[in-house]
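Copied over from TrEMBL, here are the features:
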DOMAIN    7-208  domain 'Phosphoribosyltransferase'
BINDING   79, 104, 131, 132, 133, 134, 135, 136, 137, 138, 139, 200  5-phospho-alpha-D-ribose 1-diphosphate binding site
BINDING   194, 199, 200, 201  uracil binding site
Ligand code: URA
C-alpha cells in the first residue's frame, strides 16, 4: 500500500485548527480551505518526475530541474472539493480541471454520480483528486475508479481530514494511490461524520448549514 502522507507543517496544523473551529464563519472557512488546498497540492506534487535543463539566469548559465511532464489534472469532487480546488489552481495554474458530482444517500451512505466532466488528457498528465473529507471512503473509492476509467494511471488523492475507515477503504481499493491529508482523525460517528472532524465541509464552505 502506498498509504498516507501528512505534511509535518506547523502552519498547516494552525490553519486546520481554525478550520475545525465551529466559530469560523463561511467566508473564513472558504479562505482556509483554499489555503490548505494549496499546501496539500504542494505536498502532493513533491515527488513528480523531473528533468534537468540548461537555464540562463541574469548572472550565469546553469542547469535546473523542472517537471518532466505537463502539470497533472485537478479533479474536484463536488461540492466541497471546489473549496480545495481554489487553492490548488493557484499552485497548478496550467492544470486542466475536472468535476465529479457524487451524492451520498444519508441512510445507506452509498454515493451515486450526478455529474462527470473530466479532462481528455488524464492519461498523459495523471490526476490529483480533491475532496476535503475522507469519511467512509465510498465517494473517494468511486471517484478514483471513475478517474482511472477515464484513462488516468497516476493518481493522487488529497483531503483535509481522513477517518481510519475511509483511509482503509481507499487504500484497499486503490493501493496505487497515495493519500495526502492534513490530519488522520479518530473515527466516524453513527451519522457518518468524522470525529472530531470539522462538520459538513460543503455546508460550511457554501453557507448552507
Ligand atoms: N462529509 C463531511 O462534510 N463531513 C464529515 O464529517 C463526513 C463527510
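Quick reminder: no glycine exception, Cβ is built from N, Cα and C everywhere.
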_Euclidean distance between Cα atoms of residue 201 (uracil binding site) and residue 139 (5-phospho-alpha-D-ribose 1-diphosphate binding site), Å_ = 14
*Look up residue 131 (5-phospho-alpha-D-ribose 1-diphosphate binding site) in the DSSP assignment and reduce it to helix, strand or coil.*
coil
*Roughly how many Å separate the Cα of residue 79 (5-phospho-alpha-D-ribose 1-diphosphate binding site) from that of residue 200 (uracil binding site), to the nearest whole number?*
11
*What is the number of other Cβ atoms found within 10 Å of the Cβ of residue 200 (uracil binding site)?*
15
*asked:* At a 10 Å cut-off from the C-beta of residue 135 (5-phospho-alpha-D-ribose 1-diphosphate binding site), count the other C-beta atoms across all protein chains.
replied: 26
*Which binding-site residues of 79, 131, 137, 139, 194, 201 contact ligand 1 in the sense of C-beta under 6 Å?*
194, 201
*Fill in the CA-CA distance, residue 200 (uracil binding site) to residue 137 (5-phospho-alpha-D-ribose 1-diphosphate binding site), as an integer in Å.*
15
*Under 8 Å Cβ-Cβ from residue 133 (5-phospho-alpha-D-ribose 1-diphosphate binding site), six or more apart in the same chain: what's there?*
80, 159, 160, 161, 194, 197, 198, 201
